[in-house]
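S.K.: Sharing a structure below in structure tokens format, with a few things to ask.
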Amino acid sequence: PHQSFSTPLSERTSGFPEKEKVLVLSGNSRQDLHRSKRSWMWNQFFLLEEYTGTDYQYVGKLHSDQDKGDGSLKYILSGDGAGDLFIINENTGDIQATKRLDREEKPVYILRAQAVNRKTGRPVEPESEFIIKIHDINDNEPMFTKDVYNASIPEMSDVGTFVVQVTATDADDPTYGNSAKVVYSILQGQPYFSVESETGIIKTALLNMDRENREQYQVVIQAKDMGGQMGGLSGTTTVNITLTDVNDNPPRFPQSTYQFRAPESTPLDSPVGRIKANDADVDENAEIEYSITEGDGYDMFGITTDKDTQEGIITVKKALDFESKNLYILKVEATNTHVDPRFLYLGPFKDSATVRIQVEDVDEPPMFSRPAYIMEVKEDVPLNSIIGTVTAQDPDAAKNPVKYSVDRHTDMDRVFNINSGNGSIFTSKPLDRETLLWHNITVIAAEINNPKQSSRVPVFIKVLDVNDNAPEFAMFYETFVCENAKAEQLIQTLSAVDKDDSYNGHQFSFSLAPEAASSSNFTLQDNRDNTAGIFTKKTRYNRHETSTYFLPVVISDNDYPIQSSTETVTIRVCACDHRGKMLSCNAEALVHPTGLSTGALIAILLCIIILLVTVVLFAALRRQRKKEPLIISKEDIRDNIVSYNDEGGGEEDTQAFDIGTLRNPEAIDDNKLRRDIVPETLFIPRRTATARDNTDVRDFINQRLKENDTDPTAPPYDSLATYAYEGNGSVAESLSSLESVTTDGDQDYDYLSDWGPRFKKLADMYGSMDSDKDS
């Protein structure tokens with residue numbers, strides 16, 4: 001048997017094999033009949049990619065041991081790219097590539113070869129596969145996974161601090177040669193950063209890089225294949241590196257001393273000024289907290305931090321007074337709130353400055369000696385008695401005089417008054433504790449030279465009690481006694497009240513009046529507990545003889561001075577049953593629960609009287625409103641006035657008359673009759689003659705005005721006179737129905753009935769007039 005073989009590849013630089021590559025196809029050997037050999041002995045072909053020649057690229061040769069060279073066999077190729085990428089000479093078995101091949105697109109092609117009899121078409125050898133491998137050349141440069149990398153590291157980082165790792169890939173075959181072996185190097189960014197050649201890790205190469213000096217860095221990294229040797233392909237990428245901030249800078253005041261001015265009238269918590277310490281750091285590393293550490297105004301002022309501007313705002317904590325102190329010196333300290341312990345060696349992260357605050361004098365209102373005054377006065381104090389004094393002074397250095405007054409909105413009844421010079425408050429009206437216990441007034445103190453500068457203070461005046469009210473019954477007592485009552489029988493228990501205040505409690509004593517003590521049919525027993533009982537003195541009573549008893553009772557208190565009053569108890573004699581239950585009395589209000597009491601009857605009578613008075617007054621007013629008629633006629637013309645709504649030509653109608661002639665006529669001095677008395681003779685109203693056609697409006701108004709002034713039938717009070725003027729040349733003439741009664745000719749108004757229901761009233765009115773004339 002023949003051994004199959006293939007020639008080795010030539011060097012990569014030549015592109016062609018030195019010897020012919022032959023793939024031998026062997027059949028069964030005639031010399032060895034005992035062993036069955038494989039008909040196809042195959043191997044793999046190798047082909048360089050990116051062939052640049054003008055002819056087809058030779059791949060190799062197929063050969064069968066059945067081929068005698070007489071052209072009886074034909075070689076057939078099938079599989080990947082057969083007939084397109086790869087062709088075969090069916091006579092010789094030579095395989096050629098028709099196109100340039102790229103290993104990165106397809107590195108291996110699997111094909112099938114077969115030898116057949118040209119005449120019969122039957123295969124003389126079994127079909128078998130073989131492989132064509134594409135050998136790589138360095139035709140792809142390294143490519144980074146990103147065009148631009150972004151990274152950040154804290155400033156002041158140590159040398160060798162990891163920044164970022166870049167990665168580049170090469171599409172060439174990594175298993176063959178150095179085409180895909182990538183080496184990294186730094187083209188831009190030294191001496192600040194470095195890169196590891198094999199891993200692409202970028203690290204810091206310079207110590208203490210400060211963000212405040214430079215924040216952004218741009219580094220260019222190169223990736224080169226062929227292990228970085230000459231002739232290798234390369235690619236680059238850009239890495240943008242940002243230094244992030246750390247708190248490595250303490251705050252610093254730009255100046256050591258600050259000056260501010262504040263009026264002494266500055267309200268509490270109001271700002272006086274702002275100071276700011278500069279910090280080169282940013283964000284939370286630049287946050288500053290301000291505090292007042294020492295100074296004579298430590299408790300007078302406060303300082304807060306504006307979170308937006310990082311400024312210290314100095315505010316007033318206590319009221320300022322120019323007269324007591326006009327200059328304060330403070331020491332303000334600014335401290336970072338987020339301190340990094342790694343950088344404490346750079347120094348203390350705080351700074352201090354001196355703040356001088358000058359207090360300015362302003363014209364202040366008077367100040368009272370107290371925020372409020374409480375005074376006491378007895379209710380029986382005489383008028384104009386001084387009950388207390390308020391004091392106010394001008395706090396300014398000028399010490400302007402002050403005048404006092406009472407705010408009358410707080411003392412509407414003017415019970416108190418005040419001396420405007422010395423502030424003494426005195427009474428101007430009597431006081432009554434039982435009516436009002438506390439009086440709350442407001443006193444105003446104002447500078448005499450500048451009354452706008454004023455202040456107020458509340459004054460609380462308590463009215464003290466004196467024993468000026470006598471005790472009296474707690475309620476109205478109206479009791480009854482049975483005719484069959486027994487002696488010493490309790491019929492009523494009395495109690496009393498006193499409007500005065502008693503610190504030790506009230507103690508009342510009850511007794512009968514002297515005039516009734518001996519002749520009374522009843523006795524009074526003082527219980528010594530501010531109550532007393534009324535007892536019967538005899539066995540029987542007769543309501544027909546005496547139906548009502550009036551028992552005067554004297555009530556006294558034990559205060560100083562002693563006050564007493566005499567109250568009367570009404571006792572009615574009633575008929576009772578054997579159990580003492582009342583049956584009948586002279587007062588029906590006590591017997592019949594559904595009857596009316598005396599008070600109810602009085603109220604009903606008062607309502608009736610008020611109703612009668614109202615009716616009488618209403619009738620009198622109606623009678624007074626009636627007036628004497630100004631027009632004496634058989635029929636009331638006012639009832640026959642019918643309104644006609646007739647629109648004129650509007651603003652465009654300029655042909656009626658000259659509106660400029662409507663002006664006030666001059667006063668005409670004529671003899672006028674007295675209009676304050678009724679004339680002795682009643683004149684019949686005169687009808688004014690119709691104005692001539694050429695009379696203008698002014699003459700018409702003057703004429704009518706004169707006629708009304710001289711009319712003796714005019715009322716003796718001001719009245720409204722209407723002057724109606726229609727102008728000249730009216731086609732419709734007068735539309736007024738009031739003047740139609742003066743016409744001599746008779747008119748037929750029957751046509752009004754044909755105008756419909758709207759003119760029914762006119763038809764009835766003028767139709768009735770015609771019937772009256774006929775009669």
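The backbone N, Cα and C atoms fix where each Cβ goes, glycine too.
Note that TrEMBL annotation is computational and uncurated.
Note that the coordinates shown come from a computational prediction; the quantities given were computed from them, not determined experimentally.
According to TrEMBL, the protein has these features:
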DOMAIN    64-144  domain 'Cadherin'
DOMAIN    145-253  domain 'Cadherin'
DOMAIN    254-368  domain 'Cadherin'
DOMAIN    369-473  domain 'Cadherin'
DOMAIN    473-583  domain 'Cadherin'
TRANSMEM  600-621  transmembrane segment
S.K.: Could you tell me what the rest of the chain brings near the transmembrane segment (600-621), counting residues at least six beyond its ends with Cβ under 8 Å?
M.R.: none
S.K.: Can you tell me how the residues of the domain 'Cadherin' (64-144) break down into helix, strand and coil by DSSP?
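M.R.: Helix (H, G, I), strand (E, B), coil: 0 helix, 37 strand, 44 coil.
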S.K.: Do you know the DSSP helix, strand and coil residue counts for the domain 'Cadherin' (145-253)?
M.R.: 3 helix, 47 strand, 59 coil
S.K.: Across the domain 'Cadherin' (473-583), what are the DSSP residue counts per state (helix, strand, coil)?
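M.R.: Here the numbers are 4 helix, 53 strand, 54 coil.
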S.K.: DSSP helix, strand and coil counts for the domain 'Cadherin' (254-368)?
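M.R.: Helix, strand, coil within the domain 'Cadherin' (254-368): 10 helix, 56 strand, 49 coil.
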